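According to Swiss-Prot, the protein carries these features:
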DOMAIN    23-86  domain 'HMA 1'
BINDING   34, 37  Cd(2+) 1 binding site
DOMAIN    153-216  domain 'HMA 2'
BINDING   164, 167  Cd(2+) 2 binding site
COMPBIAS  272-285  compositional bias 'Gly residues'
């Protein structure tokens, strides 16, 4: 008998046998601009094993490959060549059934004892419903963790030199470009720049120093907005002062005279108001004690000019005839000054009165003015003359 030789044909591992499943239609979608793209794709499948036909639909940008091929391999090949994304439209072929490698001997069969013993099932762990609810709550709490609150808008006051309106426009333009800035206000009188928004002060100052080429300082904010609080506190304080002053005025109205020991002089309390006397009493006034002997009054009024009637003046007699004009020149001593006042009198024709003259002052028998008549007015609103007034 002849010996039978078993011939085993070995093939290289790189080669793949075409699937024995028959012809497969692979539809792919990709971008094709023109017929040149279609010709290039057809050249790709010219030497591809298993491909029988290639169809291209330019309107819908679809490529159809017919043959005994692997759809995934065809898609990767096209995408690699044209350098564009390729989408596989048709369903992928089912995977191949892998045959176990032949070991040369009879296949081992499982022992009948192993087949008879069914697989032992482990008891499932019993879970309590309360534990599940707690776990779900924890997971939901972690997911629904409140996000961090957004940063609050703040106001930053910067101090820098402002020379002119050009500087102000430049600073506004630079600051408005910073992210988070809402508004910019400039106080040129105090050289202040007020910036409102969500700002990082540590990064803002060096940035402005570099851009403006000048020093920019941050004015520290007062604690708890001290300015408004101070203003609010000042308002009631002012009201309290006004109430106190009003009460003092009411008390001062009941004026009482007191006798001073030894001198016998009388002292009277006078309320002297300040500020708003004629304007409706708006200002605050204070009360003070005024003595008649201590009140100096106002300055001396200007010395008036006097017209003297015809007759003797300083012992000199001037005779006038009717129808003749006369003039007399009189020197009067100014009280308490040490110099002499000169007055020029003009008398008209007839009786000597060419012009209406004011009433003559008090004259004594010698015909000259009383020097005591030129002294300063008595004390303002004194006891002797409560309605008197001095001419300023």
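Positions of Cβ are set from backbone N, Cα and C atoms, glycine also.
Features as recorded by Swiss-Prot, highlighted on the structure.
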residue: 34; record: Cd(2+) 1 binding site; Cβ neighbours (10 Å): 8
residue: 37; record: Cd(2+) 1 binding site; Cβ neighbours (10 Å): 18
residue: 164; record: Cd(2+) 2 binding site; Cβ neighbours (10 Å): 9
residue: 167; record: Cd(2+) 2 binding site; Cβ neighbours (10 Å): 17
Tally of DSSP helical, extended and coil residues in the domain 'HMA 2' (153-216): 24 helix, 19 strand, 21 coil
The domain 'HMA 1' (23-86) - residue tally per DSSP class, helix then strand then coil: 22 helix, 19 strand, 23 coil
C-alpha spacing of residue 37 (Cd(2+) 1 binding site) relative to residue 164 (Cd(2+) 2 binding site), in angstrom: 67
Integer average pLDDT (0 to 100) for the domain 'HMA 2' (153-216): 86
Distance [Cα-Cα, Å, rounded] between residue 37 (Cd(2+) 1 binding site) and residue 167 (Cd(2+) 2 binding site): 62
